[in-house]
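What follows is one structure encoded as structure tokens, with my remarks underneath.
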6 protein chains.
Amino acid sequence: MMIVPIFFTCFLLLSSSHASVQDFCVADFTAPEGPAGYSCKKPATVTVDDFVFSGLGIAGNTTNIIKAAVTPAFAAQFPGVNGLGISLARLDLAVDGVIPFHTHPGASEVLVVVEGTICAGFVASDNTAYLQTLEQGDSMVFPQGLLHFQVNGGDTPALAFVSFSSASPGLQILDFALFKNNLPTALIAQTTFLDVAQIKKLKGVLGGTN
Amino acid sequence: MMIVPIFFTCFLLLSSSHASVQDFCVADFTAPEGPAGYSCKKPATVTVDDFVFSGLGIAGNTTNIIKAAVTPAFAAQFPGVNGLGISLARLDLAVDGVIPFHTHPGASEVLVVVEGTICAGFVASDNTAYLQTLEQGDSMVFPQGLLHFQVNGGDTPALAFVSFSSASPGLQILDFALFKNNLPTALIAQTTFLDVAQIKKLKGVLGGTN
Amino acid sequence: MMIVPIFFTCFLLLSSSHASVQDFCVADFTAPEGPAGYSCKKPATVTVDDFVFSGLGIAGNTTNIIKAAVTPAFAAQFPGVNGLGISLARLDLAVDGVIPFHTHPGASEVLVVVEGTICAGFVASDNTAYLQTLEQGDSMVFPQGLLHFQVNGGDTPALAFVSFSSASPGLQILDFALFKNNLPTALIAQTTFLDVAQIKKLKGVLGGTN
Amino acid sequence: MMIVPIFFTCFLLLSSSHASVQDFCVADFTAPEGPAGYSCKKPATVTVDDFVFSGLGIAGNTTNIIKAAVTPAFAAQFPGVNGLGISLARLDLAVDGVIPFHTHPGASEVLVVVEGTICAGFVASDNTAYLQTLEQGDSMVFPQGLLHFQVNGGDTPALAFVSFSSASPGLQILDFALFKNNLPTALIAQTTFLDVAQIKKLKGVLGGTN
Amino acid sequence: MMIVPIFFTCFLLLSSSHASVQDFCVADFTAPEGPAGYSCKKPATVTVDDFVFSGLGIAGNTTNIIKAAVTPAFAAQFPGVNGLGISLARLDLAVDGVIPFHTHPGASEVLVVVEGTICAGFVASDNTAYLQTLEQGDSMVFPQGLLHFQVNGGDTPALAFVSFSSASPGLQILDFALFKNNLPTALIAQTTFLDVAQIKKLKGVLGGTN
Amino acid sequence: MMIVPIFFTCFLLLSSSHASVQDFCVADFTAPEGPAGYSCKKPATVTVDDFVFSGLGIAGNTTNIIKAAVTPAFAAQFPGVNGLGISLARLDLAVDGVIPFHTHPGASEVLVVVEGTICAGFVASDNTAYLQTLEQGDSMVFPQGLLHFQVNGGDTPALAFVSFSSASPGLQILDFALFKNNLPTALIAQTTFLDVAQIKKLKGVLGGTN
């Protein structure tokens, strides 16, 4: 009976396009990175482990000054999302925990509250603030590039999962950008209108110099 | 003292760009839709409620044949995500629940398990199947357009949140596409190699005609 | 007369942008691939042969079970289309030939009938089937990621050219994805509602295991 | 037996995402156009005719000065391709027919020869010309925005189908752009280095003024 | 002589694609806006004035607290750039003038100094600050979404033109986002670590409430 | 005091995403180029000099036949713009200087006049010419891929800065594309309708062969 060999011919024909399939582009961290993301691992070396990330099941350590932790599952941690325009992170907020004002330069974000209560907000380009208290199961979207924050709004720990419209959304934390580097204090004062004493105080906390 | 009026001048200048800000494009379901999504609501009518969606906090009804439910928060349900390249859904899987083979024609998906155990998998263009049992906190990515499924892999209900790299990812369920419409049985047989009896049986269950 | 040397100066100036020209990015299969496609050959090594593909002039072998053949001219076969968002394929359908239900995860497709009659169709996300009998010169579009098929609708061989909105559109054939790998039969039954006997029968034909 | 009504519940749930499906965006020529294309027809009014175009089956009229005809199937003629990043055209070249130098500002092009012989070429930014004589079944790619041409290279009529990486690729014919409008002759001379007599001669043929 | 009428036939054929040309999409501010920009004016109503903007020839008024002015030529002011992925602005910096820390959520920026000296800088996601003193003719790029500033670095007025990789880049000024709205002082303190006195002082200057 | 070490924990967590930050992708000219641009330099080797370009402060040499010069700051010259969708150039036009008809295959362009008067224009796909005399401070946009030119419109030298919606916009100069290579004269005549004598004359000036 000829069916199997005949089909095999068909398979050969069709699979000749195999090498060109870009179903996915699992990140190869040893090859060059480009504007669209990491280079792709050879398909033959890809396994299901590349598409699965277990790090979000572990609570971040919130015994720090912000009583909060962000655990990213971006392309750098989760190679299977490379090139697919999506990534994740886990937010842990202890009581009084705060994810301070920050932006993601390359992505919009959606947040889902899994435990507790989170007060979240963002500020639009016209300076309008959009604030909401989110209960378990509520979700909120933070449009790309806008300043936003999340604060534990209850008296129990809060947990949220966030996702991003990029495999490498970036994360710029306002206080770190201003006070955790060597930007001269006078220049910060000139470009933020903050008082020199205030700047020096926060540089002291965060380790900024100059 | 001149500071406030002088700054006001500056504000006027800068805010002259206000009308052009496309920080976001909250869906206006009454205006035309285009290839990039829904038209935008006038900024003056946007409120924080447009950016918040509460429907994912409610368990879907799983007393159905698949013992599972998908609750979408796509642009059609969650107008704030319109144009931002991201959306969400909630998956509820009762014991033995199944989200049968399906694709999202316009998006990649990432899933995070919040409760229970989920066996998930996708098939690549070269017919390789990538399968994994996911525990609470595990995440998995399903690349754009590929057939995939999720099955409750434990003996308690399972809950997951999924996010997509598009505000309107689409959802094509294989069984519905084949057996829940008026595609002639003979044509389905010819294009799937399934037996006519099998096709008729599933059309009977799903309500397909012809 | 000074015209030529003076112009030469101008040429030098303008041609200093030569190295940055990305008129095209002919695929270099020896360098890493990224999410946007293959790396580019050095411009100095590019020839017109990179932009010309002769494989579509040869009829595919249709002496197989589907009595049909697909000959791709994707970036993997046709390096000149790399990065340009377009590619081609040739469809040969003998009498009774069938291109069974399949999707292209990364591209929309347009088909033009060159010889014979083709019955084609796709199913939308709302399960509506769009079917048409296409005569010579007719064209039809199959939107990205949706299940579709082509069947010879006449009693002579049919020939069509198809083009795609991606240099690497991918090709997922439904029967191959389900029955031509090691997906366990019980899992396929659970996620497709097909009978175990039906699954085993098609695995037998297509070479699936488990 | 409860299977059908229970499944119906599931169907209702899933189909609540129906309105958001952007499987396709068939052009509605009566609504506003945007940068991404035409507005979409309401899904309920879409039929299979929107996805099928029959105009490419009819030979263009080549009894003109170029002995050639281009029949477009762009979004303006073929509403189903709107928003899908692909479109088509038919080229008819009588003996000695010429599609003169032109560009597509918004798309790359691939051509397949269906009948006859075509001499085609394009010029890259570094002024290298890539020329090839194409026989039946040969295909060639013309990268986006570059000047290119097609000439009947045999002594029988030639037919080709071309496809584009945009639903609205545009078409700028060099001679028409220069000589078929009201650009002043002196300005054309200054910006092309052509002789005034040459410009006037071609304006005369093509109907340019000034 | 038949040349003109024959060519006219050709013209009719080719110009049948006229309505679909998306060479440009001049903003129609009276029609709905979508995620990709404003709707397009009907081609018949477009004039050269839509593609020309004269507002950047006029110095902005710098007699304000920042001694600086930004004059935008975004799609809202310059309808011809709508949909083209580019826009402009003029920066005037009097002596001691400052464009304080700000971001463009939707675009990268390049700046060219036309008069005077400008000290400019941006901060990357890893908190590294990139600072440079720019003289006349120097240009600098500020990657999308990152905090950056410009300060007059000399003792004469400075003038720069900036361009953006979007027709609607947005502009979020840090001080305005924090202190020029109704964000509660306690919430700002919690999410910025600034002292309450500092916040109240800047709210007083900028007109913030709560 | 525990604040600094505790914060350090937080910093470590957050900075674990450092390697994935794609704030920018400074061109590494030694690694492969892809469809989206050059590979990225390792972040540790990036300095502020990568983001600054000084070449636009120097007047181009206009003692040539076109009495004009174009100085590009594309990704090939200005590595910091790689992947950011923007680039620049400087135009110098001596009295009677001309930038002859050309296109940018991959970008739209905006021009700002800094000194003198420039007569500029472009031709749309429907052959309409849009012309304007631009004074100092005026800006004009040239949509992607369309033929356009700039001519000194006054009796003093003119200077303009132009920016592009791509880091590698390309530049195809009409006369060079036609007359500065080895395209056979007969073929040019056939595809442009220019007289053979005219073609030979311009080939003589520009160095074309055949």
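Backbone N, Cα and C define each Cβ position, glycine as well.
Just so you know, TrEMBL annotations are computer predictions that nobody has curated.
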Bonded to C:Cys25 via a disulfide in TrEMBL, from among C:Cys10, C:Cys40, is C:Cys40
Quick check on the binding-site residues C:His102, C:His104, C:His148: which one has the highest count of other Cβ atoms within 10 Å of its Cβ?
C:His104
Measuring Cα to Cα, how far is C:Cys40 (disulfide bond) from C:His104 (Mn(2+) binding site) in Å?
24
Model confidence over the domain 'Cupin type-1' (C:54-200), averaged pLDDT
97
Looking only at the domain 'Cupin type-1' (C:54-200), what are its DSSP counts of helix, strand and coil residues?
25 helix, 56 strand, 66 coil
Could you work out which of the disulfide-bonded residues (C:Cys25, C:Cys40) has its C-beta surrounded by the smallest number of other C-beta atoms within 10 A?
C:Cys40
To test your reading of the Mn(2+) site: which residues beyond C:His102, C:His104, C:Glu109, C:His148, same chain only, put their Cβ within 8 Å of the Cβ centroid of those residues?
C:Thr103, C:Phe122, C:Phe142, C:Leu146, C:Leu147, C:Pro169, C:Leu171
Counting every protein chain shown, other Cβ atoms within 10 Å of the Cβ of C:Glu109 (Mn(2+) binding site) number 25
Can you tell me the three-state DSSP label for C:Cys40 (disulfide bond)?
strand
Here the Cα-Cα span from C:Glu109 (Mn(2+) binding site) to C:Cys25 (disulfide bond), rounded to a whole number of angstrom, reaches 22
What's the CA-CA gap between C:Cys25 (disulfide bond) and C:His102 (Mn(2+) binding site) in angstrom, rounded?
29
Under a three-state reading of DSSP, tell me whether C:Cys25 (disulfide bond) is helix, strand or coil.
coil
